[in-house]
Each structure stands twice: as C-alpha cells, then as structure tokens.
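Since the structure comes first, as structure tokens, the remarks are kept for the end.
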Amino acid sequence: MELTVEPIDIGTERPVVLLNCADAETLGVHSLDRVEIDWDGTTEVGIVKVTDELVAAGRIGASHGFPEITDGTVVAVTPAGQPESVESIRRKLDGRELDSDELGAIVADIEADRLSDLELSAYVCASHANGLSLEETKQLTERMAEVGKQLSWEQPVVADKHSIGGVAGNRVTPVVVAIVAAAGLTIPKTSSRAVTSPAGTADTMEVFCPVEFSREEIRDIVTETGGCLVWGGAVDLSPVDDKVIRAQRPLSLDPPGQVIASVLSKKQSAGSSHIVVDIPYGAGAKVTSLSEARDLADDFRRVGDHLGLTIECALTRGSDPIGHGIGPVLEARDVLAVLEGEGPEPLRIKSLRLADIIFDMAREAGMPVDDRSAADILDSGAALSKFRDIVAVQGGDPDVSRDDLQPGDRTETVTADTDGLVVDVDNQAVSQLARRAGAPNDHGAGVVIHRRTGDKAVAGDVLYTIHAESSDRLEAAREYAAGDEIVRVGGRDEALVERR
C-alpha cells in the first residue's frame with residue numbers, strides 16, 4: 001500500500017506511525033504491530049498506532065523517530081513481523097536462561113529501537129522477576145559495551161568511581177575526583193543526571209560549569225587536568241543502558257544483574273581500568289542488608305574479571321543522607337565546603353575512604369602515586385586547587401564561592417515537636433521531598449538537614465529546611481512534608497505518635 005507522509009509533532013523514543021483505521025484494516029495490522037516503510041531506497045520499521053481522526057485515510061503520520069522523512073513523501077507500507085528477540089524475551093519471562101546470542105539480539109534490537117515500549121518493559125520485568133544469572137550478566141555487560149561509543153587512554157591505570165545510588169546527598173564523586181587527580185592519577189569521570197533522585201552528579205556539577213562535551217573535548221580536559229566531571233549521556237557510552245533505565249523508571253525496578261551490566265558496560269566504554277564501586281546498604285537504600293551488599297559486590301568483581309576490569313567494592317552505610325544538602329545547589333555547597341576543609345563530616349570521611357581505595361588499587365598495579373594519603377591531599381588544599389582547575393577548563397568560574405551558590409529563596413522550616421534523639425532520617429522521603437520542591441530541574445530547590453540520626457533535639461529545634469524557587473513548588477513540598485515523618489525524634493512518649 002502506498003501512503004503519503006504527514007509528520008506528527010510527537011516526541012517518541014522509537015519510530016512510531018499513525019494509521020487511519022481504514023488503512024490499518026486493509027493492511028491487517030493493529031496497534032503495536034509493525035509496518036515496513038520504503039522510500040527512495042531507504043527502509044525503516046515503525047510501530048503502529050491506529051486512529052480514527054488524527055490522520056486521514058491514504059496518509060501515514062510519522063513521529064520524530066523518522067527524522068529523514070519529509071512531508072508529502074509517498075512511501076510503500078507493508079506489514080512487518082516481530083524482531084526475533086521478542087521470542088527470547090518470552091523465554092526469559094518463562095524463567096529460562098538466555099545465551100550470549102539471545103542477549104546480543106535483545107541488546108541490538110533495543111539499540112536500534114526495534115522493540116516497542118511494551119516489549120522493552122516485558123524484558124525489564126522478566127529480568128526483575130526471574131533474575132539474571134552470573135553468566136547472563138557477564139554476556140549482557142559485554143554486549144551492552146560493544147554498542148557504545150568508546151573512549152581510550154594511554155595510561156595503564158585509569159581510575160573511576162561509581163555509586164549504585166539510593167542515598168540522599170551522596171555527592172562524594174566531585175571530592176574523590178579532585179583528590180585522585182591531585183595525586184597524579186587519571187580519572188575521567190562520566191556521570192548521570194538524576195532519574196528518580198533530587199540530583200545526579202552531573203546536575204550538581206552543572207551548578208559549577210558545563211558538563212556536556214564531545215569525546216574529543218573530554219580527552220582534552222583530561223589531558224590538561226588529569227580528570228573531568230561530565231555527563232555521560234552526551235557521548236553515548238552505553239545507549240542501550242539509557243533506554244533500559246527509562247523503561248525501569250515507572251516501576252522503580254533495579255534488577256541486580258542489570259545494575260551490574262549498566263555500571264560496568266559504561267565503565268568499559270569509558271576506558272576505565274580500576275574502579276571502586278560504592279554499594280550503600282541499609283533501610284531506605286537500594287540494598288537493604290550487609291549480606292545482600294556482599295553478594296552484589298562479589299558479582300561485580302566476577303563480572304569485572306570477565307571484562308578485564310579491576311573492581312573493588314566499598315560497602316557503606318546508607319540509612320542516612322550523607323551531606324547536609326539535598327538538591328543540586330545545596331549539594332554543590334557541601335562539595336565546596338568539604339574541599340575547603342569544612343562541610344559535613346560523613347561526606348568528608350566517605351570521600352577520603354573511597355579515594356584511598358583507588359590509591360591502593362593503583363599502587364598494587366605498580367603506578368607511581370603521591371605518597372600522601374587522601375586526607376593529606378585534601379587538607380593541603382591540593383584537591384580544592386585541582387577541582388577549581390577542572391571547573392575552569394570545563395568553562396566554569398574557578399573562583400566560585402559558597403556565597404555565590406544560593407538556594408531557592410522560598411523556604412519552610414520544620415521543627416521538633418518533642419525533646420529527644422533523632423532516631424531516623426528517611427532517605428526516600430527526604431529525596432521525594434526535595435523533588436516536590438522542584439529538584440533537580442530547579443537547581444536551587446531541595447532540603448537542608450539540620451539534625452542527623454543520633455543528634456539531640458529539643459522541642460522547637462529546626463530539623464530541616466525546605467528550599468524552593470516558586471511558591472507553588474514550596475506549597476507542594478509543604479503538603480508532602482505534613483504527611484510524612486522526614487526526620488523522626490524519639491522521646492519518652494515515642495510509642496504514642498498522635499491522637500486523632
């Protein structure tokens with residue numbers, strides 16, 4: 001059947017076509033079926049959506065996923081079958097183990113946008129419900145890395161650090177990168193933006209400087225400073241992972257095997273050789289127990305060995321937020337404070353421990369490393385100087401101060417109702433509160449924690465402050481805070497929460 005193209009102004013992750021009901025019936029296709037579209041020697045496959053009114057009979061609506069088709073182009077449209085990888089997804093749903101070829105086909109079809117949203121979601125759910133074996137995780141990681149753009153380095157040791165996330169205010173990466181680069185090691189850090197959190201490392205660094213660079217620009221930055229703090233999404237290190245993450249987001253699914261494949265495929269594409277993986281565990285974190293964290297760490301190391309990567313895992317307590325601030329500007333202030341010798345002690349200590357692990361790994365590999373400890377490098381001001389160098393080369397102001405980094409001016413303070421000890425700071429709730437306030441899109445939005453677990457509190461003491469950039473966002477955050485105990489103070493009458 002020949003149809004005339006009509007561009008449709010809808011953004012889609014993959015090529016989608018709109019067919020009038022009459023044309024769909026003639027072709028024998030339904031919504032979520034596929035059609036092959038041929039024009040001028042080009043062939044594309046689109047996923048069908050059927051409509052009564054949005055396009056007329058004889059025309060075919062083309063989404064933004066078809067950038068090369070112009071208005072009025074006449075195309076030949078024929079029904080197309082499902083990709084072969086759909087059968088492999090069915091096998092995984094049945095609890096079968098997939099081989100390297102099957103996983104490779106799934107990765108290739110995700111990368112080429114040949115799977116519908118429903119099929120990709122089925123793959124994610126199958127991986128979550130039935131798990132990925134160690135062998136599947138190894139093969140999946142390898143295949144995901146193969147389709148990404150590659151960075152390569154001349155140095156025998158290229159350091160990296162990654163956290164699996166789940167802890168509010170865990171902004172150790174800029175501090176670690178500054179310390180490690182100041183010690184003379186190479187650490188090209190590509191980071192993510194927030195998916196479900198109030199700030200990713202890239203969002204926080206964007207407060208200081210641009211973070212989107214080409215691979216050539218990243219190489220120049222690292223050559224000049226020894227490190228970088230950039231957004232990995234701009235260089236397509238693991239495009240399949242980015243698409244899988246978007247499919248996981250609505251149900252907050254994070255299968256352990258997929259987590260490992262996500263992290264290590266990006267690290268291999270980035271050219272990293274020695275990687276410390278931060279695995280926070282505890283109430284409210286992604287990993288809830290120490291035994292679960294140990295199992296995940298063992299699998300990280302086994303998959304790393306398969307890929308030729310040296311992996312060390314740091315199992316860290318993740319029940320409480322790490323910094324005082326949650327949200328891009330507030331976390332940036334904490335980073336600068338730690339680099340200046342002040343700031344939240346948990347953020348300082350964790351950064352030092354992770355940097356020292358990297359130093360140990362480099363020394364074991366025979367690399368000449370600064371004899372000083374991470375604490376000595378931080379306390380000497382060398383890490384602050386290196387951080388300012390990186391900010392400058394990435395196009396930011398090297399003289400930026402904490403006073404320059406002002407959070408949103410719409411504020412609300414929440415105080416203790418009783419005397420006692422802070423017995424819990426809810427990681428998930430405080431992250432959700434910061435998002436309600438506008439983070440990460442509003443860089444100045446977020447939450448400042450004034451009392452941590454174990455601190456004494458007297459009735460009337462400020463427990464936390466909400467910052468927003470608009471009154472509407474502040475009101476949304478205020479309503480959320482009123483319905484949850486973000487920071488819990490336990491007194492003698494703790495058993496009775498309230499009377500209603």
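Cβ atoms here come from the backbone N, Cα and C positions, even for glycine.
Around the Cβ of Asp254 (active site, proton donor), a 10 Å sphere holds 19 further Cβ atoms from the protein chains shown. DSSP assigns Asp254 (active site, proton donor) to coil in the three-state reduction, outside any helix or strand. Feature annotation from Swiss-Prot assigns active site, proton donor to Asp254.
Taken from Swiss-Prot, the feature AMP binding site covers Gly166, Ser192, Arg193, Ala194, Val195, Thr196, Ser197, Thr201, Ser262, Lys286, and the record attributes it to sequence analysis. Sequence-distant neighbours of Val195 (AMP binding site) (same chain, 6+ apart, CB under 8 A from its CB) are Ile245, Arg249.
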- prompt: Once the chains shown are all counted, how many other Cβ atoms turn up within 10 Å of the Cβ of Arg193 (AMP binding site)?
  reply: 17
- request: Rounded to the nearest Å, what's the C-alpha distance separating Ser197 (AMP binding site) and Asp254 (active site, proton donor)? Just drop the number here, would you?
  value: 14
